[in-house]
Amino acid sequence: MTEIKNVQIELHTPHVLNSMEERDSKNLFDYQYDNIEKKGNYAQKYQSKNRKITSNRPDYQLPDNSIQTSKYTLLNFFPKQLFEQFSKLANVYFVLMGALQMVPEVSISSGIPTIYLPLGFIILVSGAKDFYEDYKRRTSDNEENKQQVTAFDGKDFVKIPSYELRVGHIVKVNQDEIISADMILLRSSEKKGICYVETKSLDGETNLKQKNVHVDLLQTFKSDDCFGQLDKRIILKYQAPTPYLYKFIGETTTSNLQVSSINFNNFLLRGCNLRNVKYVFGLVAYTGHDTKIMMNSYKARTKRSKLEVKMQQFILIIFITQFIMCIIASLVYSITYFNNRQYLNYLYIGENTSEYTIPYNFFVRFGNWMLIFNNFVPISLLVTLEMVKFIQGKIMTLDEKLNQPRVQTSNLNEELGQIEHIFSDKTGTLTCNIMEFKQIIIGNQNYGDILRSSDDYIRDDELLNYPQVSNVDFRDKTLMQAINDKNHIMHDKVEECLKMISICHTVISDQKDGKLIYNATSPDELALLNFARFVGFEFLGTDENNIKRISYQEQIIEYQLLEMFEFTSARKRQSILVQVINTGDIYLFSKGADSVLLDQVRLSKEELNKNEYHQLVQRLQEYGKIGLRTLVLSKRKLSKQEYEEWHKRYQLATQQIENREEKMQVLQDELEKNYEILGATAIEDKLQQDVADTIAAVKAAGIKVWVLTGDKIETAINIGYSCSLLTNNLVQHIVDEKEELLINERLDDILNKIPTLQTTQGQALIISGDALLHALKPDIQKKVAEVCGYCEVVLCCRVSPKQKQDVVSLIRGRNQLCSTLAIGDGANDVNMITAAHVGVGIRGVEGQQAARAADYSVQEFRELRRLLFFHGRECYRRNSVLVCYTFYKNILVVLPQFWYGILSMYSAQSLYDTFIYQLFNILYGALPIMIYGIFDEEYDADQLTDNKLQNYYQQGPQGVLFNIQIVLFWVFCGFWQAAILCFFPTYTISENFVENSGFTHHLWAQGTMIFGLIVVICNLKVLLFSNTYTPALLGSISFSMISYLLSWIILDNIPQAEAYVVFQSLFQTPNFHFGNILVIAAICSIDIALNIKLNRVLQKVNQNTSIKTPFSLNNLSIHQPPKIGGKLNNKAHTGFAFNCLDRDELEDQDKIDLYGIDNQVQSQNG
């Protein structure tokens, strides 16, 4: 992609201009637009300059709002198609062969390029397929471009097509409509100037986001009919288009010369849905391909299966073989002719002519033989394979047991049958991503860990007396007692902790049908807030003045929201700064990872010395061991003076344009210290259905499973046991060091220990994200790959989206022959999915972005079993046979002419009618193998999915059905069968091949008989190796043979045909029929014997691949101590539950790899 220079926008801090500046206000709106560069490509012209526009004054120099995701237009379809088709070497080869056919001295088809008939058909079919797929994209584009939007035309709001929108238009968007362009928010139907958008189509998040009209614009646009007034015009100065979804920097200037800074909170993105407000008005800033969603429309790299790569190599080998055979045949003829020229006077070749010389004869015969052998390279293979794969993909989508999977890359069907490594996300992929609140620690008390037999256990009938909420499984009455009894020793601590949970969040409340509904940015936050509601602390919402209200024991408690510090992957915490309205007290509440909030730097000295601190650390470790996700809750009380001094500096930082976010972060860190611990929460993320059985089956099939998760090590280990990833038979090697030297030593220690362990013991590697930072460096990753080679299970904990991709790339780079599959459900899994050979997305709670980026998408993880073991295994088997058979039938049709060269002094005499010869790969030998590739089944689908009787799957990863030995076997069959087809008619039949007139049949009769036998043998061959005899297969074989007979009947009556009246005379000769029976019987009997032998060899190979017996889940206990190679660090490995999109990772680490683009502006996060 064209490199785009970094630009920095020069904006001003918000202020009202003074009287001197006011004198220039008359010229404020009197300027020419200068938003584009004069020269360059699209990006250089339209995406490299910062912009300045006036509201309601469209800039017609900038692109309109139309989009094009289709590849072709009516004008460029044919030139682009021709370029793409002839960028394939095989097609170029056949074009050259056609040109060679037009050279009179060389041509064997009377100068007619007959090869162009099948070539044209194949190009036509391939082009039609591309046209159909692109037409669907084109139709989708047209629907979106013609979508009606409401835009201001200077007098009134009118409906116009979306593609007519321009930068500078003012647009009205109604509730539930899709936002048609990137725009700044000018006005909302809500008095407080807020609106809510759903960004699922952009980042995969299904929860609503709040957007706000800037306070200055809120005062400017006070009514819905003010947009035509001259004094309501504004100037927007803002940055050039960038792909960063969460970045926008700009400033507005009103007619009264008030300048205000605009950020992402005031910005609406194309593709979002407007929710929960009646309407909003916006000023269009980016249109069409300059919008952020279009700039983030990445094009995944082209993926090719191992079978396809090997196939191209074999085609090259076949071409080289053809070239050598042509040289040999030409040399033999040239030398033989030269040595015997005195006996060949009947040819009337003069001694003084060039034809009398060896060089001339060599090059002419070389051209002849190249044309005779042009079918050596299978002209129909690529298009046949593409069509078969396409239909295989359609059949997958119709599989009822897979719950409507989506196939977006059918080219990888057979790769599903060759997977050796599976890389899986955990949350939402192995687990349901539906959180349930389980336990809470407040002070030194643990609430929620209670037995059913206890008197303090809340029974099912008693639950009816509590608020009915979702995502909560809490049954401990002792917490209720502490809440209701004001004299209880824990009452104050419990009340303060629960109030904190009720207000420290970004949840949006909404009233629907008289019920209070929460829209949360993460399922963890929803579980926390519903828990607070369950125990009596109900969050009511936030009003237009940013006052948060909670209801507790029939009283309303109000908090003035001062600041909100959002969660990021770097911060690992979320903080809220509030003032209690009744008392005026100012508090900073924070929740986040214990590794951050329990850090000695952030806790007060008094807190560090308390026993509660040490008890909390221990309890968090216990939570981790039982697979719970944790959050630490803390607070800090600020004096009014302390807050005001800090607030002034923070406001200045928010008004900066350069390094704004870095300066804000420094001030946030300054405030987030000297915490007091309030407690900690524990949330459970349940496993999906049949995950344990699926992983056990996958491991039993010999596939290595890696889980890449953001959880702590203890949680990951526990989840590993519960989902059958880890067993007590595995020796666990844990790498959690943070220094490069220690990591090196740890890896050396593991490599030394592994050879000393019992061979029956499996290995498992568990490595943290901190260790991976160093372990993926070039000088260490070799050791990591070596350790992983011994391990059947790898757990990577606390990893970022970028590290997920790096881990997949590590395995791909270290073992070029292995096939990898990555499966995930979130936007942060996209890199991993696109980096693997095969990407599978789960259409789950976190949106559709992973599913859209994947090659295949399913509803649940358990469907992966059927996708691999049945569809993948069968596609690999059928497609392998299809490719080998295509090589075989082309050898069978070409080689009889080579064998006949023994009798004809390799004079390049063709045996076949030219037109019939060119129709072989299109009409006579193409359809049956396609039917086989689509419908054939070796075993029952459920039997293959279970994969218990034997390891049916391993034939794919081991490459049993498609390798050099198998291809040579098929080639060998083609060679000996071609010899029989040539010599049987010649020596056993031709001598007595006599017409009624007493003359022997001529050469064309012999060639016709040979070609007819080839058609029969090729079609019967499909019947011999098929496992399923469907009506479609039998019908296709009959069609191929009948079409051949009809072709001959037609040609037999055309006087200009080379084999005129040959077919009629052949059918009147008894030897013709006896010869056919003899040849077919001889070839089929030998072929059956060889196939039986081959099948026995393959069965023996499959039987040697034993299934690893899955352990019994009934005997599994997650509390059993695992075998661990090495010791854990002294520092506890505890994590946190905060499941939201990792924006920093997406923006800063993954941008180049995920979207395939260059950074256009400097990241504000560094």
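Cβ coordinates come from backbone N, Cα and C, glycine included.
A TrEMBL annotation is a machine prediction, not a hand-curated record.
According to TrEMBL, the active site, 4-aspartylphosphate intermediate annotation covers Asp425. The Mg(2+) binding site annotation in TrEMBL covers Asp425, Thr427, Asp825, Asp829. Per TrEMBL, ATP binding site is recorded for Asp425, Lys426, Thr427, Glu525, Phe567, Lys591, Arg629, Thr709, Gly710, Asp711, Arg798, Lys804, Asn828, Asp829. The coiled coil annotation in TrEMBL covers 643-677. The feature domain 'P-type ATPase A' is assigned by TrEMBL to 145-213. Residues annotated as domain 'P-type ATPase C-terminal' in TrEMBL: 851-1092. The feature transmembrane segment is assigned by TrEMBL to 115-132, 314-338, 369-388, 882-903, 915-935, 960-984, 1004-1025, 1032-1051, 1071-1090.
Feature map: TrEMBL annotations on the structure.
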residue: Asp425; record: active site, 4-aspartylphosphate intermediate; CB count, 10 Å: 28
residue: Thr427; record: Mg(2+) binding site; CB count, 10 Å: 27
residue: Phe567; record: ATP binding site; CB count, 10 Å: 24
residue: Arg629; record: ATP binding site; CB count, 10 Å: 26
residue: Gly710; record: ATP binding site; CB count, 10 Å: 27
residue: Arg798; record: ATP binding site; CB count, 10 Å: 23
residue: Asp825; record: Mg(2+) binding site; CB count, 10 Å: 32
residue: Asn828; record: ATP binding site; CB count, 10 Å: 30
residue: Asp829; record: Mg(2+) binding site; CB count, 10 Å: 31
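For the transmembrane segment (882-903), the residues of the chain that approach it from at least six positions outside its boundaries are 307, 311, 314, 318, 325, 329, 332-333, 372-373, 375-378, 380-381, 384-385, 388, 909-912, 917, 920-921, 925, 929-930, 932-933, 962, 966-967, 970-971, 973-975, 977-979, 981-983, 986, 1010-1011, 1014, 1017-1018, 1021-1022, 1025, judged by C-beta separation under 8 angstroms. The stretches the transmembrane segment (960-984) and the transmembrane segment (1071-1090) meet in space: the count of Cβ pairs below 8 angstroms, excluding pairs fewer than 6 apart in sequence, reaches at least three. Taking every listed stretch (369-388, 1004-1025, 1032-1051, 1071-1090) in turn, the largest tally of C-beta pairs under 8 A with the transmembrane segment (314-338) is reached by 369-388. In terms of Cα spacing, the binding-site residues Phe567, Arg629, Arg798 all stay beyond 10 Å of Asp425 (active site, 4-aspartylphosphate intermediate). Recorded stretches compared: 115-132, 369-388, 1004-1025, 1032-1051; the one with the most Cβ pairs under 8 Å to the transmembrane segment (1071-1090) is 1004-1025. The shortest Cα-Cα distance from Asp825 (Mg(2+) binding site) to any of the binding-site residues (Phe567, Arg629, Gly710, Arg798) is found for Gly710. Pairwise Cα distances among Asp425, Lys426, Thr427, Glu525, Phe567, Lys591, Arg629, Thr709, Gly710, Asp711, Arg798, Lys804, Asn828, Asp829, the recorded ATP-binding residues, top out at 26 Å. A Cα-Cα distance of 9 Å separates Thr427 (Mg(2+) binding site) from Gly710 (ATP binding site).
Here the CA atom of Asp829 (Mg(2+) binding site) lies 12 Å from the CA atom of Gly710 (ATP binding site). Below 8 angstroms of C-beta separation, residues 88, 90, 93-94, 97, 100-101, 106-109, 115, 118-119, 122, 125-126, 129, 308, 311, 315, 318-319, 321-322, 325-326, 329-330, 411, 878-879, 882-883, 886-887, 890-891, 893-894, 897-898, 906, 908, 910, 917, 920-922, 926, 929-930, 933-934 of the same chain, each at least six residues beyond the ends of the transmembrane segment (369-388), sit close to that stretch. Secondary structure of the domain 'P-type ATPase A' (145-213) per DSSP, as helix, strand and coil residue counts: 8 helix, 33 strand, 28 coil.
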